[in-house]
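**Student:** I'd like to ask you about the structure that follows.
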């Protein structure tokens, strides 16, 4: 590993980042034990999955930092895991509403606003879609397809890479990287759209369950793990990030991405502990809410 040739400041930086990763994993384990004890069984596994996103990305980044040749595998592992987390986050919002049946009863006369990001934020003329079992199925399918196809595409990339046909920084039309990256980008946008649609619908209802900061943390992980890494990779490909022997520009870009992700995921893990480490009462059934509304009308 390259860390054997580091000077004293470099070793100190590696030690600090490794310690941050270790603390993030310990905080997550403690949080998982708390969730396992305090949260109902129906929500337990989904919340643990969502909480695990930041520690897993920090761990894969730390492994890639210490063992540079494993970077491709660690990046793919983090990408596949977060693809599953996107699907789990949508399911978590449904569970927080009491499950699919209660959600349909609460919004039986409601409509989904589909003119939202990242697909159709500019298409304000799109009609609102009735909230039915079928539309919920399509929303779930939109996130599930990403959780299914992302591992398949990552496996294909690894196979092509081992055969010498896949180079991450080769974006020529004849290379496989540009086509796989474009396909993954389209699938990512299609997966993020259902989550945004559901959040717009339930954010007022679930404000007591801190859904807004939870969604913000999910968005931060998405931006930092995908957009930040893509920007640094582009800068490295254009040689804007200079090489520093024995590191090439691409290797330096990978190191910068990994080190930034470790620090960022460490902070997100600590914030997630504050946001998720609370027990909330279940939402009132729709019948109770209707009765309260009638009482308020009769007794102004």
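Counting starts with 1 at the first residue shown.
Placement of Cβ uses the backbone N, Cα and C atoms for every residue, glycine included.
Annotation source TrEMBL lists transmembrane segment at 12-34, 46-67, 73-94, 137-161, 176-195, 215-236, 256-276.
Surface or core, plus neighbours and distances: that's what I need for these features.
**Tutor:** Sequence-distant contacts of the transmembrane segment (46-67) (same chain, six or more residues past either end, CB-CB distance under 8 Å): 1, 3, 14, 17-18, 20-21, 24-25, 27-28, 31-32, 35-36, 39, 74-75, 77-78, 81-82, 84-85, 88-89, 91-92, 95, 214, 217-218, 221, 225, 254-255, 257-259, 261-262, 265-266, 268-269, 272, 276.
Within the chain carrying the transmembrane segment (73-94), a Cβ under 8 angstroms from the stretch's Cβ atoms is held by residues 43, 46-47, 49-50, 52-53, 56-57, 60-61, 63-64, 100, 103, 136, 139-140, 143-144, 146-147, 150-151, 154, 157-158, 191-192, 194-195, 198-199, 202, 206, 211, 218, 221-222, 225, 229, all 6 or more beyond its ends.
Counting only same-chain residues 6+ beyond the ends of the transmembrane segment (137-161), those with a CB under 8 A from a CB of the stretch are 72-73, 76, 79-80, 83-84, 86-87, 90-91, 112, 167, 176-177, 180, 183-184, 187-188, 190-191, 193-195, 197-198.
Residues of the same chain lying 6 or more positions beyond the ends of the transmembrane segment (176-195) and with a Cβ under 8 Å from any Cβ of it are 83, 86-87, 89-90, 93, 116-120, 138-140, 142-143, 145-147, 149-150, 153, 156-157, 160, 165-170, 218, 222, 226.
Same-chain neighbours of the transmembrane segment (215-236): 50, 53-54, 57, 75, 78-79, 82, 85-86, 89, 168-169, 188, 192, 195, 199, 203, 249-250, 252-254, 256-257, 260-261, 264-265, 268, 271-272, 275, counting only residues six or more beyond its ends whose CB sits under 8 Å from a CB of the stretch.
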**Student:** In the same chain, which residue numbers or ranges, 6 or more beyond the ends of the transmembrane segment (256-276), come under 8 angstroms Cβ to Cβ?
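**Tutor:** 13, 17, 20-21, 23-24, 27-28, 30-31, 35, 47, 50-51, 54-55, 57-58, 61-62, 64-65, 71, 210, 213-214, 217, 220-221, 224-225, 228-229, 232-233, 241.
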